[in-house]
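First comes the structure, then the notes that go with it.
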Amino acid sequence: MTEPLTPRDRLIVALDMASRDEAERLIDRIGDAAAFYKIGYRLGYAGGLALAERLAASGVKVFLDLKLHDIGNTVEEGVQSLARLGAHLLTVHAYPQTMRAARRGRDSVPGSALRLLAVTVLTSYDDADLREAGYAGGVADLVASRAAAARDIGIDGIVCAATEAAAVRAVIGPDRLIVTPGIRPAGAASGDQKRVVTPAAAIRAGADHLVVGRPITEAADPRAAARSIVSEIAEA
């Protein structure tokens, strides 16, 4: 049986910086206020994968937000390589062929604890963006259909905006993860996110993990900012 998540376990700090050195300095400043970090494209291509391996070896959880999407064989082999780094979470786009390939890749690595997350609709998108991209329906419909596909294929969890978390939970059930980006403490600027929610509201909506970037990484005191968000999670 999985142990209950502590408030600190629920916070994932987004390391959206340009170099490994910069990321490591931030991790040092945050200290024990967080123990879960997200590495995406920018840092991933600038020493982030080596950093992910080091952090995982030291017991820190790592979320590789690489949003893989390619032909099946390429995704399968890429996930095999990433699973060996020791990361805890990895994102793939919620297309059936991509998700099945990711599962094959992960399952082929003995002892891998990697959990796969399907990206439904990016939190920078709204209904107008989907119409521009050629989709007939809106965000809510596309999120629900992609979440159902991920559930049926056996993906471990879903990445979605907290505004969709309750609806996604109804689709995927209680045992799969929901990870929500676009989290901003009360009063913080929304930046380039269009569907933002406070930490407490996201937890109440059913999210398991919250991804927070600039409110922590650009704070004068990142450790205090992380602790404040953990406190808000605890009070939800």
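Heads up, the Cβ atoms here are built off N, Cα and C, so glycines get one too.
Feature annotations, courtesy of Swiss-Prot:
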- Lys67: active site, proton donor (ACT_SITE)
- Asp16, Lys38, 65-74, Thr123, Arg184, Gln193, 213-214: substrate binding site (BINDING)
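The structure, with features from Swiss-Prot marked on it.
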residue: Asp16; record: substrate binding site; Cβ contacts under 8 Å, 6 or more apart: Lys38, Gly40, Arg42, Leu43, Gly213, Arg214, Thr217
residue: Leu66; record: substrate binding site; Cβ contacts under 8 Å, 6 or more apart: Gly40, Tyr41, Gly44, Leu82, Leu90, Thr91
residue: Lys67; record: active site, proton donor; Cβ contacts under 8 Å, 6 or more apart: Thr91, Val92, His93, Val119
residue: His69; record: substrate binding site; Cβ contacts under 8 Å, 6 or more apart: Val75, Val92, His93, Tyr95, Thr98
residue: Gly72; record: substrate binding site; Cβ contacts under 8 Å, 6 or more apart: Gln97, Thr98, Arg100, Ala101
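Annotation note: Gly72 (substrate binding site) sits in a helical segment as assigned by DSSP. All protein chains shown were included, and the count of other CB atoms within 10 Å of the CB of Thr123 (substrate binding site) stands at 26. For Gly213 (substrate binding site), the Cβ neighbour count at a 10 Å cut-off comes to 21, with all displayed protein chains included. Annotation note: Asp16 (substrate binding site) sits in a coil segment as assigned by DSSP.
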